[in-house]
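Report on the following structure.
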Amino acid sequence: MAKEPVRVLVTGAAGQIGYALVPMIARGVMLGADQPVILHMLDIPPAAEALDGVKMELVDAAFPLLKGVVATTDVAEACKGVNIAVMVGGFPRKEGMERKDVMSKNVSIYKAQASALEQYAAPNCKVLVIANPANTNALILKEFAPSIPEKNVTCLTRLDHNRALGQIAERLNVHVSDVKNVIIWGNHSSTQYPDVNHATVRTESGEKPVRELVGDDAWLHGEFITTVQQRGAAIIKARKLSSALSAASSACDHIHDWVLGTPEGTWVSMGVYSDGSYNVPAGVIFSFPVTCKDGEWQIVQGLPIDEFSRQKLDATGAELVEEKALAYSCLT
């Protein structure tokens, strides 16, 4: 028997990431090859014509799984009955702008969108925030959509997770699918901590620790971390545009694993509401290693944290507490 369609909202759908993301969703990359979808696409009024163009292309592509498209500039219409919300839209930092200016703009955007999701989304709607500052935008959304369970509001650090996998695979000249269990801790910012202490590589003689195979702690503590932290800026410098393709692909990975589950023995990185695990600040959206089953995530517990890692977790946690304070000051 055919499955009922899942309604998936993409905000900022006429932008670069949205344009890369909506065909992936329509093709089944996010929810599986047997799951029909109805796409809800939201953008701001100046982008209405471009949004109509994206809708035309979705129709022209004749995706078998795509059972309907809602393209609108009305936030209430966009949020009506959605099961999954991918929040790509936000106010980008422009030249000459202070961090507080960007935060202030995004606080008002995410407060309004949270209210619409609260009022119109389906019960148990799952939310993924991509727009930066992603962790704090997600926190604001959680605060202003109190009926959405706190476990259902997440932010994207899977892009950083996938970047870390890619860097290790390139360094060791192995397939990226053979590398697993890297971790992104903390904020989706330049303080994030890409951690390979628990990561392994599948070899002909079994799974081996990444640290042992790389055999270069200086690289793992230095260039590897900064490459992952600054990869987005490097792509903007090379492409003159942001990393839309990889962000869209990682958003699909995030939702896919959240809804359909992570493979046995594998964890992924997700920005989730912190309960204080690993002695990081509670009450912020913090990236942890998680496993997923039956549509629920669980933080992986009990991993040993060495002194180097402890300092990195404390630094990114402190930044998130500072961002939270800044965001809340914008509400008053």
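Note: Cβ is positioned from N, Cα and C throughout, glycine not excepted.
Annotation source TrEMBL lists domain 'Lactate/malate dehydrogenase N-terminal' at 6-153. Counted with DSSP, the domain 'Lactate/malate dehydrogenase N-terminal' (6-153) comes out as 70 helix, 28 strand, 50 coil.
Annotated NAD(+) binding site per TrEMBL: G12, A13, A14, G15, Q16, I17, G18, D43, N106, I130, A131, N132, in sequence order. For G18 (NAD(+) binding site), the same-chain residues that are 6 or more apart in sequence and have a Cβ closer than 8 Å to its Cβ are V10, T11, G12, M41, D43, V54, V88, G89.
Residues within less than 8 Å, Cβ to Cβ, of N132 (substrate binding site) and separated from it by at least 6 positions along the same chain comprise G90, P92, R93, H188. Per TrEMBL, the feature substrate binding site maps to R93, R99, N132, R163.
The annotation domain 'Lactate/malate dehydrogenase C-terminal' is assigned in TrEMBL to 157-325.
Per TrEMBL, active site, proton acceptor is recorded for H188. Neighbour count (other Cβ atoms within 10 Å of the Cβ, all protein chains): 29 for H188 (active site, proton acceptor).
For A14 (NAD(+) binding site), the same-chain residues 6+ apart in sequence whose C-beta sits under 8 angstroms from its C-beta are M41, D43, A47, A50, L51, G53, V54. Around Q16 (NAD(+) binding site), the C-beta neighbours below 8 angstroms that are at least 6 residues distant in the chain are L241, S242, A244. The local packing around R93 (substrate binding site), expressed as other Cβ atoms within 10 Å of its Cβ over all shown chains, amounts to 16.
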